[in-house]
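S.K.: Can you keep this structure in mind? I'll have questions shortly.
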Amino acid sequence: MTKLHKTKPNPSAAAKAAILAELKSVVGEMATLDTPELMTRLNSNTNGLDDDAAEESRKVHGDNAVTRREKPSLGKQLVTAFVNPFTAILFFLALVSILTDMIFPYFSLFDSDPSDFNPLTVIIIFTMVIISGTLRFVQEGKSGNAAAKLLSMITTTCTVMRNNAKTEIPLDEAVVGDIVFLSAGDMIPADVRIIAAKDLFISQATLTGESLPVEKTTAACCGTGNLTDYANIAFMGSNVISGSATAVVIAVGDHTYFGSMALSINQPAVETNFTKGVNAVSWVLIRFMMVMVPLVFIVNGLTKGNWTAAFLFGISVAVGLTPEMLPMIVTTCLAKGAVSMSKKKTIVKNLNSIQNFGAIDILCTDKTGTITQDKVALEYHWNMQGKDDLYVLRQAYLNSYFQTGYKNLMDLAIIQKTEEAEEQNRALLDLSENYVKVDEIPFDFTRRRLTTVVKGNSGRSLMITKGAVEEMLKICRYYEIDGQVSTLTDEDRRQVQNTAATLNDKGFRVLLLAKKDNPPTSGNLEVKDEADMILLGYLAFLDPPKESAVTAIRALFTHGVRTKILTGDNDKVTRAICKQVNINYKNMVLGPDLETMSDDELAHVVEKADVFAKLTPDQKARVVAALQKNNHIVGFMGDGINDIEAMKTADIGISVDGAVDVAKETADIVLLEKNLMILEEGIIEGRKTYANMIKYIKMTASSNFGNMFSVLAASALLPFLPMMSLHLILLNLIYDLSCTAIPWDNVDEEFILKPKKWDASRIGNFMIWIGPTSSIFDFTTYIFLYFILCPMFVSHGVLFNDLAMHFSGRELEHMQAMYIGLFQAGWFVESMWSQTLVIHMIRTPKLPFIQSRASASLTALTGCGILALTVIPFTFIGKALGFVPLPGAYFAYLIPCIILYMLLATSLKKAYVRRYGELL
């Protein structure tokens with residue numbers, strides 16, 4: 001055969017064209033061969049490959065893994081961790097500081113003196129860059145490893161023939177030449193040639209956009225110019241809607257049709273609204289800084305006359321206003337959230353979907369397995385007289401056993417019931433051996449019926465159909481009792497409907513069963529042949545509600561999530577189940593009614609109705625879209641083929657590990673257990689993650705906004721710099737370290753009671769309300785330090801501007817240095833206290849430390865930060881920084897000042913909550 005050579009993926013148009021041309025050649029050849037010749041070309045056979053042959057095929061043709069985005073190397077990950085606007089700014093400032101603090105003094109340039117040589121600013125800036133980048137690198141590494149580990153818990157497999165036995169293997173282990181077995185719900189693991197098929201219908205929507213499934217057959221055929229038009233070739237990325245098939249793999253990985261498409265879409269993941277919002281806030285802060293720094297520089301230069309010092313102070317202000325820890329905090333919160341959710345049996349496939357998960361306010365779900373126990377049992381197999389009849393069970397078994405589509409829970413219940421009854425009745429023995437399947441018409445959501453044609457040892461063919469009551473009555477003209485066939489009258493039809501309704505009211509799902517003798521021969525069966533059939537009886541199934549369903553629905557409602565049932569089941573069964581679990585079914589909407597509604601009408605109806613029954617897959621998606629139109633964040637939980645469209649439409653698609661492969665691939669969130677309580681716990685974890693991210697974002701935004709006023713006022717009003725550039729940079733470093741524990745902070749129970757939507761406009765409101773609060777106490781501290789503390793303890797009551805009138809020479813220089821050193825030490829300590837304590841104020845709308853306590857790690861880090869910077873003025877480090885030890889009188893002022901600050905912040909918090917409804 002033409003070999004698909006292993007090549008390094010190259011996301012270019014030329015690479016895509018080359019692979020497509022190569023694939024077209026291979027597909028064109030494979031599609032025209034008969035099975036024996038095909039197997040020879042692929043070095044395979046109908047018994048499949050053994051392990052050695054599979055390994056050899058892998059060496060020749062490569063792995064079955066599509067390179068959507070090449071995983072960056074460790075070095076590239078390290079570089080990426082340091083590449084963001086904030087660290088870029090710090091790098092630039094560090095380079096400027098190298099010039100002004102080191103190179104200029106060393107070479108005595110621009111009036112600099114070698115005594116001015118000071119590498120500390122550069123060291124601290126680079127330390128901040130290293131800490132921020134390293135923490136982000138470590139956390140992103142943990143996040144990636146955690147995501148990979150979590151995804152490995154979700155098993156997507158295919159069934160192949162290996163070593164002469166059917167074996168289930170991961171999709172990416174399939175190789176060229178593997179014999180693959182396909183059935184409804186399966187993902188096509190690679191590009192395959194169909195060698196045996198039974199009513200096989202494939203959805204190629206992901207490849208071609210076609211909404212309708214296409215039939216695939218075994219017949220050798222020539223190409224029509226379009227790869228996806230080959231009737232005997234199925235492609236990776238498509239999925240089986242109904243029927244079954246045996247196929248042989250002809251192309252894998254990047255050399256598949258899907259793989260060639262992936263090369264052209266090798267782009268980063270689409271940003272969520274939350275990611276866009278975080279980036280928007282980041283750039284707002286950067287713009288603030290770009291406006292503030294020139295202002296501070298100009299004001300200080302004009303008022304102080306020392307442009308070099310003004311420039312250095314401007315650099316330090318830029319450092320202080322740069323939220324370089326923001327990327328690390330967000331990454332850490334998401335990674336921690338994903339791991340925490342995994343412990344709650346909730347697997348996050350995309351970390352950025354966590355915020356949307358916590359924001360869900362509407363959960364749409366089918367009732368099977370979530371509301372009910374997912375243990376469907378066939379309770380009754382009645383004949384037309386309402387009596388259990390083994391003949392009815394026998395025909396139902398033949399229909400369910402031989403159908404090759406997805407065997408749902410009712411099919412499995414019929415098979416199980418028959419196998420259990422075999423011991424008591426020999427007429428049920430060996431049915432599968434005594435009959436062969438001739439043909440079938442797969443189930444679809446329009447007909448709501450499934451038909452199989454079987455042939456017994458006698459050679460007589462029999463068509464058996466089961467389906468929904470209304471749809472079955474349309475195709476039945478007769479009924480049979482004890483072998484006697486009679487015409488089905490209108491009265492008989494009403495009786496059938498009444499019997500089904502009685503069973504429905506008791507919570508039973510009812511199907512009707514019918515037959516037809518001597519149907520069309522194989523290959524000629526059509527939907528129109530489902531006519532003039534003989535009604536045999538009823539199949540009544542029971543799937544009782546879960547005991548935990550009521551509790552789970554109530555818990556979701558308590559946390560602001562309304563549960564809506566979207567089911568294909570009939571209204572009576574749905575009503576009976578909903579009644580048992582206290583779901584409001586009074587405004588139930590049925591699929592046929594929904595079909596006649598306009599989008600505007602539906603948008604109004606979905607707000608009032610909590611239950612939707614008899615829905616087709618596209619109607620489920622339409623209900624979800626209507627809810628989104630009404631500004632709801634909608635999660636859809638599904639596990640079947642009929643749920644895929646709705647899952648894609650929803651803000652968050654949720655599936656379970658036992659779902660069909662295509663459902664798990666579509667989902668953003670995968671539950672390891674089909675349980676609403678598990679879902680509720682996952683939603684809570686999502687809200688906790690969002691809470692800690694938004695805490696830091698609002699803290700940073702408001703703190704920086706307040707600092708702008710404080711620094712600008714100090715620059716304009718003081719005759720000296722309120723802090724040296726090195727002081728500001730050191731302050732920012734310690735504060736940043738104090739914030740690193742925020743991802744592990746506690747979250748108030750009240751916060752997680754309601755869904756939280758990302759709203760970037762709230763950030764601006766919060767900045768304006770809370771930010772200036774700290775500035776008020778900064779101004780108060782300026783006044784206290786300049787007019788009271790410094791004159792009292794340094795200059796015998798003389799203000800700084802008057803020192804030259806009372807002192808001269810060395811004494812004047814000493815007094816000025818002491819005055820400035822005490823002032824700067826005072827503002828240095830006050831800034832750390834106010835900036836750090838605001839973390840505890842903003843993290844909760846409650847009273848901090850009393851009604852709501854931070855986590856031990858956050859309390860410890862912020863406490864250590866305050867203690868460290870409070871002690872510095874009393875140490876040799878403080879002396880080297882130019883600080884003067886603070887007298888006790890300063891703390892007599894500071895403590896009441898901070899208490900007043902906290903009281904004012906609390907009052908503003910309450911006012912903000914009254915105005916906007918919530919703090920975070």
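From the backbone N, Cα and C atoms, a Cβ is placed for every residue, glycine too.
Any TrEMBL annotation is an automated prediction that lacks curation.
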S.K.: Using TrEMBL as the reference, determine which range in 389-417, 766-794 is annotated transmembrane segment.
M.R.: 766-794
S.K.: Using TrEMBL as the reference, determine which range in 120-138, 709-727 is annotated transmembrane segment.
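M.R.: The range carrying the transmembrane segment annotation in TrEMBL is 120-138.
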S.K.: Honestly, do the transmembrane segment (120-138) and the transmembrane segment (78-100) touch, with at least three Cβ pairs under 8 Å and pairs 6 or more apart in sequence?
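M.R.: They are in contact.
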S.K.: Rank 78-100, 284-303, 766-794, 854-877 by Cβ pairs under 8 Å to the transmembrane segment (814-833) and hand me the top one.
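M.R.: The listed stretch sharing the most Cβ pairs with the transmembrane segment (814-833) is 766-794.
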S.K.: With helix taken as DSSP H, G or I, strand as E or B and everything else coil, how many residues of the domain 'Cation-transporting P-type ATPase N-terminal' (29-102) land in each class?
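M.R.: Helix (H, G, I), strand (E, B), coil: 49 helix, 1 strand, 24 coil.
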S.K.: Restricting to the domain 'Cation-transporting P-type ATPase N-terminal' (29-102), report the mean pLDDT as a whole number.
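M.R.: The answer is 78, the mean pLDDT of the model over that range.
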S.K.: Using a Cβ cut-off under 8 Å, which residues of the same chain at least 6 positions beyond either end of the transmembrane segment (284-303) come close to it?
M.R.: 85-86, 89, 309-311, 313-315, 317-318, 321-323, 700-701, 704-705, 708, 711-712, 715-716, 719, 721, 763-764
S.K.: Please report, as numbers and ranges, the same-chain residues at least 6 past the borders of the transmembrane segment (854-877) whose CB is under 8 Å from any CB of it.
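M.R.: Residues 731, 734-735, 737-742, 744-746, 825, 828-829, 832-833, 836-837, 839-840, 843, 848, 883-886.
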